[in-house]
Amino acid sequence: MAVSARSARTSPGSDKVQKDKAELISGPRQDSLMGKLLGFEWTDLSSWRRLVTLLNRPTDPASLAVFRFLFGFLMVLDIPQERGLSSLDRKYLDGLDVCRFPLLDALRPLPLDWMYLVYTIMFLGALGMMLGLCYRISCVLFLLPYWYVFLLDKTSWNNHSYLYGLLAFQLTFMDANHYWSVDGLLNARRRNAHVPLWNYAVLRGQIFIVYFIAGVKKLDADWVEGYSMEYLSRHWLFSPFKLLLSEELTSLLVVHWGGLLLDLSAGFLLFFDASRSIGLFFVSYFHCMNSQLFSIGMFSYVMLASSPLFCSPEWPRKLVSYCPQRLQELLPLKAAPQPSVSCVYKRSRGKSGQKPGLRHQLGAAFTLLYLLEQLFLPYSHFLTQGYNNWTNGLYGYSWDMMVHSRSHQHVKITYRDGRTGELGYLNPGVFTQSRRWKDHADMLKQYATCLSRLLPKYNVTEPQIYFDIWVSINDRFQQRIFDPRVDIVQAAWSPFQRTSWVQPLLMDLSPWRAKLQEIKSSLDNHTEVVFIADFPGLHLENFVSEDLGNTSIQLLQGEVTVELVAEQKNQTLREGEKMQLPAGEYHKVYTTSPSPSCYMYVYVNTTELALEQDLAYLQELKEKVENGSETGPLPPELQPLLEGEVKGGPEPTPLVQTFLRRQQRLQEIERRRNTPFHERFFRFLLRKLYVFRRSFLMTCISLRNLILGRPSLEQLAQEVTYANLRPFEQVGELSPSNMDSSHSNPPESNPDPVHSEF
């Protein structure tokens, strides 16, 4: 860019002439109140031609180009990380029996080496977008692979990944290469040329919609009452607020109400000149916090990069003017921009104004239609009813960020052989690489269909698949989300019709949450509780582990019958009644009332409690020996308590070994907690370096395979082993390359129903 900067350097007087000329061709200054507030007059909206002229008004390209550069740079960083280039071989390894969840069943991943080629094209597109090199082609090279990878896996969908695709789509049609770009160096007509106002209008409108719709979604009662992110206030980032407020008030006032007000107001604060500095401060603080609170990749930084779009478009030129003269030679141009055919210029000093052409009208139409579509999509749930579960709409484009938190207590997958009638049970998540299928009917249907294709390999013919999934959303009762009596393989599902086998969320029981919190707070530290709600006519089969020596069930509402399977005994419970449950046995809880039943399991993990007491005794004994209050010699099997490790002699007891492992773990946690900042930062850089190193090496291996053919398996194994090395990290660091993420285990056929335990 330095060549472009030097070639346009002019004297201060010449800069002033160019600026005056640009002001003349852009039209008169807006002196009315509306013009000062919004940047346009009512007359600009009085006809289609005037609106087209407004949206194609010549605008400084500087701010748009800076956003293009930052967005492209962040996508370059995103592709090896959240897009998964560094772990692509574990996700798309050829020959894996894996159930996948594309938007359309016809979408299939390419062979592994070709998937690396797809990611390479996407990476080069992001790099070209950042540099402004063959800009339009680079945008397309990034955009097409990005949406292909995005649509290939619904389990990875989220709001910010969807937003990246939208921003790349918008940039494809914009003139973001008219400033600080390689294209500008090579083409004098593009270099430092105006861009039409609609380029900024679309981007600003998109960011405004993200903030505002997210705020509207947070008007949900669960968010306003503080149930959505109840535990977030425990994070150390909220410690300053807890100097004045309790943890509960910090959660309600700061996390929930503060987040609601910020989302509703951020777009307005950024839009108006008078409030922009306040808006920039709060959204910057907000996104910096989010980058530490959540694993959301580049989202916080993309939003930070988008904030300056609301500032005056020429702000980069003003920033450059404050830099030393020598440094300015390496920075973007500060000269006034030149005219562009993409813009419509008004009358200036006796000259007639320019008539808008087809390209100008298409730009204006694109702006209006795109923003209207973005306002409509978050509320289009009545069209895509098949994707409506307890929350409405396709996940990822509704901007309902962090409004719903879920916990899964119990997941059981039952298969029945269609010919023999034999029952069996599958490990939850077998043949998948994600856990997200548990909450969405469309993915559950895809999972069941996939299992019906795979199970015949394990001598299960014409399999029927049943799911019993218990979920709590925003601290409600645990309840079934799908009907466990329905064979999902044969169940009907359509994207445009309501799914009949989705159980309704028991909203009538929401007021119970305050009472449930009271019950939790009244229990001691060793007592746990699980709250259950079930539908009439259904039953829960459960197993009480032998570790849970003191387990009881108490009815809160409705009526249930508890069957003790081994004892062949039934007992009916009514509101307020409870009974003890034997450990190591199965029981069934039938809802016999005409309305949903509510009950709770109260239990103590007696094995864990005894272990904690024994470990506390060993810790106390160790401290007594160290401070001299314990004068008697320790038995040989307890000597490792003082030495911190086993150094020969009698084999320590399992309890002592557990104590030593616990001490080592606590020491490691303390060491990491007290690590200086520069060491933490260095370790962070090493982890990122490994991600990029592995991405590069595995990509080179795959591209070599495509060009020259695959070598022997022994050579491939050596190359992959080398790619997995962490030469920059200390020995003992956990390598994700050694972690198996496929979970492609065969089903467990077991005549005895072994389920997940509460």
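Cβ coordinates come from backbone N, Cα and C, glycine included.
Membrane topology taken from Swiss-Prot puts CYS99 and PRO337 on opposing sides. Listed in Swiss-Prot as the disulfide partner of CYS99, from the options CYS323, CYS343, CYS450, is CYS450. Same-chain neighbours of the transmembrane segment (293-313): 59-64, 66-67, 70-71, 74-75, 77-78, 81-82, 158, 160, 163-164, 167, 200, 203-204, 207, 210, 232, 235, 237, 270-271, 276, 279-280, 283-284, 287, counting only residues six or more beyond its ends whose CB sits under 8 Å from a CB of the stretch.
The Cβ of CYS99 (disulfide bond) has PHE431, THR432, GLN446, TYR447, CYS450, LEU451, LEU454 as same-chain neighbours under 8 Å, each 6 or more residues away in sequence. CYS450 (disulfide bond) carries a helical DSSP state (H, G or I). The Cβ of CYS450 (disulfide bond) has 21 other Cβ atoms within 10 Å, all protein chains considered.
Taken through DSSP, the topological domain 'Lumenal' (158-292) splits into 98 helix, 3 strand, 34 coil. Across the topological domain 'Lumenal' (82-113), DSSP assigns 9 helix, 0 strand, 23 coil.
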